[in-house]
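Peer 1: The structure that follows is given in the form of structure tokens.
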Amino acid sequence: MPKSIWILMVATAINITGASFLWPLNAIIMTQLLGQSLTASGAVLMLNAGAGVLGSLIGGRLYDRIGAYPTILLGCVLSAASAVLLAFYYGEYGWYAVFLAGMGFGSGMMAPSMYALAGSLWPEGGRKSANAIYVAQNVGVSLGTALIGVVTLVRLTDVFVANAAMHVLLLVYIAVFFRHWSGSKGRTAGAGIQHANKASKYRLQALWIVSVAFFISWLGYTQWQANVSVYIQSLGIPLHAYSILWTMNGLLIVLAQPLIRWVIQKGRLTLKGQMGLGLFIFALSYLVLTQAQVFSGFFVAMLILTIGEMFVWPAVPTIANALAPSGREGAYQGIVNSVATGGRMIGPLLGGIVVDSFQSKCCLSSLVFYCYWRFR
């Protein structure tokens, strides 16, 4: 793997480590620290993700127009500034929502540029370049969630300081190591999608079909991030046990890569087959989750979920890169990243409404039905 991909992976891991201090605790911060409902908690995450959707679309366009380094640096500056301000003004619901949205917008700008740049720097790598960024993201998840117990040992609110510190570290890292990529753009900068061209139309249609499945898959996945933490605590399972689940998730994604490669090669799975298998495994994980009452049940459900996501998540950016016309890599990555962020935007709010109005199991049963239907 080229050195440039390793540099991208380190940046991605730093970014996600900082974010992983916050998102697992958002529902707890909102309900216990700020005295809000689960629906309000979902609304804040919706605002954060909505800003991320806008940031992804803008970031993808900027990558194609001005290049990788200026786009990623600008996104990081916005995200770091919001994280630092959040560390000072987290106690007020309005400011908490505003600065979380600022972080979402900045991170959204960076994400499509990272994937597009990885594909540009290692074009012969195929799905390996997208998978490398995906693995780095989950290294960050493992580190962040593993450190939550340490960071919150004295005060829960110390997570805001840790998050700000990681964003500042990322800004310095990008300023030092990404500078020589200031001119990196799409394969043919400024080239447009020729809508009169049938091939281009089919590419765009294929991208949107994949994006819809990706969007709805994220609707389900976000329930683990937004509402399962509260559900687990309602069963008397301590918070540190929830962080263990995400630590296991990240570690398994890193360590099980050889197994996933073996399954894909032996099964001769196309990218479409890879996504279909992943959705079926998602359905199994949600089925187990509906029956979980003790920690071991949640552990098994997370184990199955992790295997499913290892098939689905890396496949989508790879498909986007393959479909993108010359000079539109950033825009296509921006589309798939924005629909994923859209799923993260609506998922917590929708899940919060269902849980507040009905029961957690009603929400989870709906996810089983969806994943089975998509697999068929």
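Just so it is clear, glycine is given a Cβ too, placed from its N, Cα and C backbone atoms.
Copied straight from TrEMBL:
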DOMAIN    1-182  domain 'Major facilitator superfamily (MFS) profile'
TRANSMEM  5-25  transmembrane segment
TRANSMEM  37-59  transmembrane segment
TRANSMEM  71-90  transmembrane segment
TRANSMEM  96-118  transmembrane segment
TRANSMEM  130-154  transmembrane segment
TRANSMEM  160-181  transmembrane segment
TRANSMEM  202-221  transmembrane segment
DOMAIN    206-376  domain 'Major facilitator superfamily (MFS) profile'
TRANSMEM  241-264  transmembrane segment
Peer 1: Out of 5-25, 37-59, 71-90, 96-118, 130-154, which stretch touches the transmembrane segment (160-181) the most, going by CB pairs under 8 Å?
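Peer 2: The stretch with the most close Cβ contacts to the transmembrane segment (160-181) is 71-90.
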Peer 1: Tally Cβ pairs under 8 Å between the transmembrane segment (5-25) and each listed stretch (37-59, 71-90, 96-118), then give the stretch with the top tally.
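Peer 2: The stretch with the most close Cβ contacts to the transmembrane segment (5-25) is 96-118.
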